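Here Swiss-Prot flags 55, 56, 57, 75, 122, 129 as S-adenosyl-L-methionine binding site.
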């Protein structure tokens, strides 16, 4: 069964990768690449779509790329990969990788690609995945409690809920769903599974609703819990962290990063990474150096874009979408590498990793 998918922020995302004078809200407006450089990238550049989905963004990008350009598309979803393979069969510029964008650096290296000219990520769950009850992402449709992006590997949400402790469930729901009734929800799940296992989405939604004491206007009481479980079972934030680090390492000078996020956890991570890489190192700030001798930022922020009223009217999912864009400068990475610019991740149940080489401003 085919499900309609409308790509969110389609034109702004592709513009962000290709237009020399692209600038979103809050963008730096000086020192960006010239039009000739941008045109050369469009004609012969290498681009990555880390979240192919049903290919809306990829098709628009291909329409605007030259015949010598190359596009590498990633997705964990077997259904998305089937669509991508059909596209690649008719367009020699397309290379398909069945896997997540977290492995971008390794997968590109295996194909002889050492640098790229642009990467776009459309985070979260897609409309076809939500609309397909059999995938288990929606609390509005009866389906198996799955939620895996890649249905060929890994435990389902039902598998994890059957064995997780109350503390583990509480921590995941609180951290990844920002649910203030996380403890009550975890206890309700534990009580329910003691009598019979949770097998379907509606069973879980009903269980969660019984534990959430107050209702947020316009939001189902299971929204935050479903988000948390999906993020956890697919390791979404951990994979985003790896992808942001890879982008910093792979992007050529003038190359662009364009990331669409749909909730505050993702957007905060992207925003913090761009902000950290857009600040010059300050270790030598008090030394008598000329400005040209000081380290420069790794990224130049090109701002953010949100959907306008017209797009939201035609696609309600666009309401919460935020596109953030950054441009790679000529400054080389330091000895600490890209990880120093990515926010430290704390996976529920594990200690927070130290952030190596984090640069601090002097007090």
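The backbone N, Cα and C atoms fix where each Cβ goes, and this holds for glycine too.
Using a 10 Å Cβ-Cβ cutoff, residue 57 (S-adenosyl-L-methionine binding site) registers 25 neighbours. Here the binding-site residues are 55, 56, and the one with the most other Cβ atoms within 10 Å of its Cβ is 55. Between the candidate binding-site residues, 75, 122, the densest Cβ environment within 10 Å is the one around 75. Cβ neighbour count for residue 129 (S-adenosyl-L-methionine binding site) (all protein chains, 10 Å cutoff from its Cβ): 23.
Each residue in 5, 7, 49, 51, 52, 53, 54, 58, 80, 126 lies on the same chain as 55, 56, 57, 75, 122, 129 and has a C-beta within 8 Å of the C-beta centroid of that S-adenosyl-L-methionine site, without being one of the site residues.
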